[in-house]
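Participant: I have a structure I would like to understand better, so I am pasting it below and will then ask my questions one at a time.
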Amino acid sequence: MSIVYVAGFVDVVAYPKVDPVLYLNLDDVSKCLPLTKPIPLNIEHLPESTIGHTIGLYAVTHGVFCVGVIHSEKFLHLTENLFSNSCVAQATSKFLPYQPLLEMLHTWLPALSLSSLCPTAQNAANTNMFQHVSLCALGRRRGTVAVYSMNLEDAISQFCSISQAEVENIYQDSKNVDINSLPKPVFNIDPHILMAKAIDAGFIKDRLQLLKTDKGVAKIKKLTYLKASEIGKPVTEDISEDMNQHGIVPQGSDDLISVPKSTFLSMLQNNLDNFKQHPRPACFPQYFSPQGAYMPYELYPPQPYSGDNIGYMLPSGSYVPAMFPSRPNKRKREDFDDCVFPGESSLYKDVLNLTKNISQLQDDLKDLKQAAINQPNRYPPHHFSNPYSLDPGHASYFRYAPYGAPKPDQHLLQPLACVQQAPVVQPNYAPPPTEGASNEAPKPSVQEPVHIDASFAQDPVSKLQKMFCDELLNK
């Protein structure tokens with residue numbers, strides 16, 4: 001008859017308890033220990049699932065330690081059959097010998113749970129303080145992890161929290177127990193109940209993490225069959241063959257959602273519009289030119305103002321085109337995008353029309369915002385110093401012209417000293433004729449020579465003109 005030994009803590013004194021019911025007073029419990037009387041060893045506290053008995057409960061420095069034996073042939077046969085269908089149990093370690101029975105027990109029932117009386121009912125005279133010990137998926141007390149082995153000494157020596165003297169004492173007391181003298185376990189439970197308990201264990205929150213904590217609290221060695229450590233690779237399953245046989249597993253309902261075609265396209269268009277609205281980051285030239293490069297006097301020449309949507313030529317000679325706001329592409333909405341079932345057309349069309357109207361309003365608002373963002377800023381015209389004079393040419397360009405002589409002002413009058421006036425000739429009138437001389441022949445009149453005044457002497461009228469011109473020039 002094959003048997004399996006199980007060992008582990010049913011209570012760790014140093015670890016705090018969440019529920020006061022789980023608290024055990026070690027001073028009172030030590031009076032009932034060691035317990036050499038066998039008590040039942042069952043599954044998940046089910047009375048019909050007795051699979052073995054305990055062969056000793058001991059009080060050690062770290063807590064209360066339990067040693068038991070599983071000797072139900074029916075249960076061991078069931079466990080071996082479960083191993084071939086469990087992928088987790090087949091994830092073995094290459095550093096440990098291949099033991100299917102131990103692998104399945106550590107996967108299915110990795111913890112211990114002690115059934116004892118309530119702390120208020122505990123007393124030294126009560127000899128039935130402990131009812132049974134259960135193998136379960138997760139114990140309520142921390143540190144209550146189980147270790148299965150075919151050898152009794154190997155199962156006890158896996159715990160580093162027990163001193164060597166305590167290990168020898170427990171081993172000497174446990175090995176003297178006659179397994180054949182133990183009562184025959186009654187394992188008559190319905191397999192459906194065990195399946196239900198296994199399903200409930202799958203929904204324990206952070207079960208794997210708690211098992212790792214229990215392993216650390218109990219101070220178990222690293223190389224064990226316990227699955228609360230690193231999981232190895234399966235030894236028998238072929239992944240490629242399994243995929244060809246069963247096909248690709250479809251994704252669950254939580255990973256997939258159904259969205260109408262029009263809604264998806266609207267969301268995609270909104271993302272594109274938001275992406276276009278973000279302006280490109282401004283690029284500024286470096287503050288200082290690299291070594292050996294030409295350094296102009298003006299690092300940042302001001303931009304000439306040329307109005308809205310008109311390109312201009314930079315002093316470096318590069319042409320900057322005009323910026324016009326671009327309208328995003330609009331998709332024509334089709335009536336047959338969304339299909340409706342018979343009897344729902346009237347209600348669905350009303351909702352669809354309202355949705356389309358709201359979507360159109362949102363698109364119009366986005367277009368207005370985008371047009372406002374893309375519109376260039378207006379700067380007032382300002383004068384600036386430039387080594388070249390700007391001569392207006394074409395309406396959209398500026399061309400350069402060299403410096404020329406300033407044109408004379410036409411509205412200014414020249415000074416009087418520079419103007420030469422024509423000489424004034426005064427007429428010479430002859431005296432009237434007399435009676436005595438009327439009979440005489442008329443003598444030809446001799447004209448006097450005209451005298452031209454070429455001196456610098458000025459007339460009073462010329463002085464007034466000069467004063468008037470000087471007054472105009474000085475203003």
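In case you wondered, yes, glycine gets a Cβ from its N, Cα and C as well.
According to Swiss-Prot, the protein carries these features:
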type: ACT_SITE; residues: His45; note: active site, charge relay system
type: ACT_SITE; residues: Ser113; note: active site, charge relay system
type: ACT_SITE; residues: His132; note: active site, charge relay system
type: REGION; residues: 254-273; note: region 'Interaction with pAP'
type: REGION; residues: 426-454; note: region 'Disordered'
type: REGION; residues: 455-475; note: region 'Interaction with major capsid protein'
type: MOTIF; residues: 327-333; note: motif 'Nuclear localization signal'
Participant: Using C-alpha atoms only, work out the spacing between His45 (active site, charge relay system) and Ser113 (active site, charge relay system) and round it to an integer in Å.
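Facilitator: On Cα coordinates alone, these residues lie 8 Å apart.
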Participant: Pop the mean pLDDT for the region 'Interaction with pAP' (254-273) in here, whole number is fine.
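Facilitator: Overall, the region 'Interaction with pAP' (254-273) comes to a mean pLDDT of 72.
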Participant: If you skip the near sequence neighbours and keep only those at least six away, which residues in the chain come within under 8 angstroms of His132 (active site, charge relay system), Cβ to Cβ?
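Facilitator: In sequence order, Ile39, Pro40, Leu41, Asn42, His45, Ser115 meet the Cβ cut-off.
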Participant: On a simple 10 Å Cβ count over all chains shown, which one of the active-site residues His45, Ser113 is most densely packed?
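Facilitator: Selected residue: Ser113.
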Participant: What three-state secondary structure does DSSP assign to His45 (active site, charge relay system)?
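Facilitator: Reduced to three states, the DSSP call for His45 (active site, charge relay system) is coil.
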